[in-house]
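Everything below concerns the one structure shown next.
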């Protein structure tokens, strides 16, 4: 079972969804269908959150309302990859017609459009902020004992395809470290491997991967990644000591393992 995480979380802020029942037709031809409704969600004080319905282009289509944070966590589904699958075109001022012309030579770059504090450019920076916020929500689900919803968030984050840069390895590594501490080793490894795609020669990351394998009792894989870490940096003290310790103490280990460092 995942262990409790006592670290403070950031306020919930992001795109969520609910499944709403819509009626079409009338009388005997009335049909009910389920459709996905997107929402902007902002946590506020007092265990509450402001929610506002939006369409797929982040355009508000209804009024804000205040609901309990418990309601958000029970009924609303985080959409951590919302920005990945949508492309947002800046909206022209009311009354103006959008053109397909590019910016005039020498004109200052257009600033990202925002709505209620959300950048809608879908930039890698905004996607990282959204991903980290969604990860925090996943940890909140864990604290509430809702492992299934937590794992759904973590899996979607691990599978997220976006224009990530090498520096985003830190985000996936952070996710992996946190998940390993929750004893969610397989999911942690998925995040570590995403980081490895962005930085295949990072000896510290390889060391972290080795530790996750070791704690899930995959000694062979742990040794493999420690050796990879040392191939990049033979002076990596933690990997060197860890590898020697494994070979000395746990060459044939198959039971539960506990690290004291």
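Glycine is treated like the rest: Cβ placed from N, Cα and C.
No curator has checked TrEMBL annotations; they are predicted automatically.
Among the ranges 46-85, 86-125, 126-165, the stretch that TrEMBL annotates as region 'Disordered' is 86-125. When pLDDT is averaged over the repeat 'TPR' (131-164), the result is 90.
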